[in-house]
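What follows is a short report on a single structure.
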């Protein structure tokens, strides 16, 4: 058939010579390759004992940050919720009362802050939108759960652990 | 027959049987380990250190699986299939000489269950019987894939038995004996090994041994990509286990046979120059023999994870158009060499 594209190539296939036809050299070559792999370093990571490292720019679970005095940085401005393309973030704002200055950095704070991890697409736009540097996606991946409701993370799971502060601990009790 | 003789043979049979089964058992683990290592993985290593308990777990699992016999199957033959496969696999090891005689007190204990003077023919008979297990199982399953697997197994084993027999004839011309004990005893030291006299014959025998044990690249009877599981498609639980086990036992027996008739069996280099007593030579010889067998088993696995499966017409071409003429040529060449050797040396 005539070639319309002008790119037709006729493949010249020579008949196999004697050594190719008896296959043995090719078989020995193959055996050498598999034997080399036998002694190579193995790629296996024995999972529960060892874990693969995350890459540096991995975006995983969110954490709500605290400042250097251990106060929550979030001021419940709602920019993260606004920027979220998956509508995964909701919050209810509250006003800081007298005596809570050691808990919240700004005069307004998030009384409830929830992220639905099933909706979240881990794009990192909340991180970019936040004017207070309060939210970062710096955790590991979200662990599996049995129920959908367990994937809605509240402040108990999101807020960074405070620095160990004995005074605060006794206050909470 | 005296009583001590019977006891002696009985113990020997039990020992050989246990060793055969243990090696077959650990071949299943070794197969997976070798596969893993050749594919840059580790293979099973959770059950016990280095996965040493894996075969026990697999065996236990096989026993506790539900056993299904298909409604259309021929019940007695369906059960007979795997039974025959494993029995024929096991009895092949009877004539293999595991070592020289061991002297205990004033008793001389031969480390061979039966010194049949036509040992090689016996092994051939047993190997030929082995295909009945596969044939019966495949036919009795009442499944087209099983039947095709069985038919393939039958025609493959007939085709390759011919070339195997012809390669053995050339060997017999060199050894002048059919008894395995005699053949192994002739190959004293290192230079007398039959591989040096029969390199081409060994190659043909090796290829045929792969075909007879249904190992890759000749595993067309159980070829997963075309026939689901081949002859054992309908088998489950320990019956499937027996089929798999018989494959590994066959592999062990044919490794032992190849090590015995071509690689000197229990003979090792400088065996009489080390100044050891006869019993020590025997014991070391047995170890050497097992090292050779294990090397062959490794070679079986190594080939399996290197070569792809043959197409069926290629398999038949190789058997009938390549190996049989080659084996015939080998016989003629051997004859010429023997005459030349008689005339001039």
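Cβ coordinates are placed from backbone N, Cα and C, and glycine is handled just like the others.
Unlike curated records, TrEMBL annotations are generated automatically.
Within the same chain, residues 101-117, 119-121, 123, 125-126, 128-136, 159-160, 162-163, 165, 168 sit at least 6 positions outside the domain '4Fe-4S ferredoxin-type' (A:65-94) and bring their C-beta atoms closer than 8 Å to a C-beta of that stretch. Taken from TrEMBL, the feature domain '4Fe-4S ferredoxin-type' covers A:65-94 (among others).
The annotation [4Fe-4S] cluster 1 binding site is assigned in TrEMBL to A:74, A:77, A:80, A:130. Around residue A:77 ([4Fe-4S] cluster 1 binding site), a 10 Å sphere centred on its CB holds 18 further CB atoms from the protein chains shown. For the recorded site, residue A:77 ([4Fe-4S] cluster 1 binding site), the DSSP three-state label reads coil.
In this view, residue A:84 ([4Fe-4S] cluster 2 binding site) is surrounded by 20 other Cβ atoms within 10 Å of its Cβ, with every protein chain counted. According to DSSP, residue A:84 ([4Fe-4S] cluster 2 binding site) sits in a coil region rather than a helix or strand. The [4Fe-4S] cluster 2 binding site annotation in TrEMBL covers A:84, A:120, A:123, A:126.
Taken through DSSP, the domain '4Fe-4S ferredoxin-type' (A:111-140) splits into 5 helix, 8 strand, 17 coil. Annotation comment: TrEMBL describes A:111-140 (among others) as domain '4Fe-4S ferredoxin-type'.
When other Cβ atoms within 10 Å of the Cβ of residue A:120 ([4Fe-4S] cluster 2 binding site) are tallied across all protein chains shown, the result is 22. Across the structure, residue A:123 ([4Fe-4S] cluster 2 binding site) and residue A:80 ([4Fe-4S] cluster 1 binding site) are spaced 12 Å apart at their Cα atoms.
If you take every residue in the domain '4Fe-4S ferredoxin-type' (A:111-140) and average the pLDDT, you get 90. Distance from the CA of residue A:126 ([4Fe-4S] cluster 2 binding site) to the CA of residue A:77 ([4Fe-4S] cluster 1 binding site) is 12 Å. Checked against residue A:120 ([4Fe-4S] cluster 2 binding site), the binding-site residues A:74, A:80, A:130 differ in C-alpha distance, with A:80 being the nearest.
Listed in chain order, the residues near the [4Fe-4S] cluster 2 site other than A:84, A:120, A:123, A:126 are A:80, A:83, A:85, A:86, A:88, A:89, A:115, A:121, A:122, A:124, A:125, each with its Cβ within 8 Å of the site Cβ centroid. Per-site Cβ counts within 10 Å over the binding-site residues A:80, A:123, A:130 peak at A:80. The record gives A:74, A:77, A:80, A:130 for [4Fe-4S] cluster 1. Within 8 Å of the mean position of their Cβ atoms, the other Cβ atoms in that chain belong to A:75, A:76, A:78, A:79, A:126, A:129, A:131, A:132, A:134, A:135.
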